[in-house]
Amino acid sequence: MKKHNFNAGPSILPREVIEDTAKAILDFNGSGLSLMEISHRAKDFQPVVDEAEALFKELLNIPEGYSVLFLGGGASMEFCMVPFNFLEKKAAYLNTGVWAKKAMKEAKGFGEVVEVASSAEATYTYIPKDYTIPADADYFHITTNNTIYGTELKEDLNSPVPMVADMSSDIFSRPIDVSKYICIYGGAQKNLAPAGVTFVIVKNDAVGKVSRYIPSMLNYQTHIDNGSMFNTPPVVPIYAALLNLRWIKAQGGVKEMERRAIEKADMLYAEIDRNKLFVGTAAKEDRSRMNICFVMAPEYKDLEADFMKFATEKGMVGIKGHRSVGGFRASCYNALPKESVQALIDCMQEFEKLH
C-alpha cells in the first residue's frame, strides 16, 4: 500500500533526492568512499557547498551583499544567534506561536524585547494585523509560517526597521524579497533537506554592529569568512539540500512551487469546509499552505480516534495534530505530490459516508 507522508518535519523529500543521496552514501562521486566518511575539505566536497549557495541565491533572487550559510544547531540555535549578532538595545517581535515565543525568550537575554502583537489569547489561530513597530528597534522578527497552528504570512511585510525571519517551514514555497531582511534562517527539515543543517541568509554589512563580544561559533562573521567551513559542517544534509535545490530548479523554480502549494492547499481546505465532519482551525485569511490544521466538528468529536485509525489504514502518515492543540495536521511541503492530497480528500469523503 502506498504511504502518503504528511509529517510536519522531518518531512517528505523528492524520491530522486533520497535515491541519489543513498547512492552517494555508498560511493560519493566515484571516489570509492561514502559521503559520510569523506573530509569536508576534500576537493570533491567544496563544489557541493559552492553550488548549493549559488542555487540558493539564484532560486530566491538574493541580491549582492548577502551570504548563505550552512550551519548546525537548528532554528533553535538561531533564536540565540540572531540577538547575539543584531540586538544592541531593542528588538521587536511578532508573537504568532510557540516558535516565535521561544525566539523572544532567547532575545530577552540580550536587550529589550518589544512584543508588538500576539494572538496567544486565541490559541494563535490568526496572525495579528494592527500593531506599531518601534522605529528605534534594531530589527523586527517574524515567524512566517506557524506549523503547530496552521497560520502563515504569505507575503513579505513592510517594516520601518530591518526584518529578521524564521522561514523554517515555508522557505522555497513562495518568492521572497530578500532585500527587506537582514537575516532569514531556518531548520532544513521541512522544505529543504533532512534534519541536521540550518540555513542562514545574512546581509553582510548588518553584521559586526553590536558592541558585545560574540564567541566565534556564534558569530555570523566567522561563518561568512570561512564559507560555512569554520568547523566540520553537516556533510550529508548539505549534499541532500543541494540535490533538493536542483530538483526545485528543474521543476520550474519557486514560482512553480508556489503554484503547486496554492493548488494543494485550496483542494484540501475546500474539502474541510465542505465536509460535515471537519472544521478548520485557522482564520481563513491566515490559513497556511504548508500546514493545514483541522479538527472534528463539535458534534462529531467522539469520532477523532476512529478517523485517525481509518486514515492510517488508508496509508496516511503524520496527520495527527501537534500534541499542544490536538486534531489533525496535513503538512503539504514542496515534495508532497498532489496525488497524496487527493488521497487524503478521498479518505475524508469515504469516512463521511460511513457517518
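The first residue you see is number 1, and the count goes up from there.
Cβ coordinates are placed from backbone N, Cα and C, and glycine is handled just like the others.
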According to Swiss-Prot, which candidate in THR147, THR151 joins ALA75, SER76, TRP99, ASP166, GLN189, ASN231, THR232 at the pyridoxal 5'-phosphate site: THR147
Fewest-neighbour residue among recorded positions, criterion Cβ within 10 Å, set TRP99, ASP166, LYS190: TRP99
Which of SER76, THR147, ASN231, THR232, the listed binding-site residues, has fewest other Cβ atoms within 10 Å: THR232
Cα distance (Å, whole number) from ARG41 (L-glutamate binding site) to GLN189 (pyridoxal 5'-phosphate binding site): 24
Which same-chain residues, if any, lie at least 6 apart from ALA75 (pyridoxal 5'-phosphate binding site) yet have Cβ under 8 Å of it: TRP99, ASP166, SER168, TYR185, GLY186, GLY187, THR198
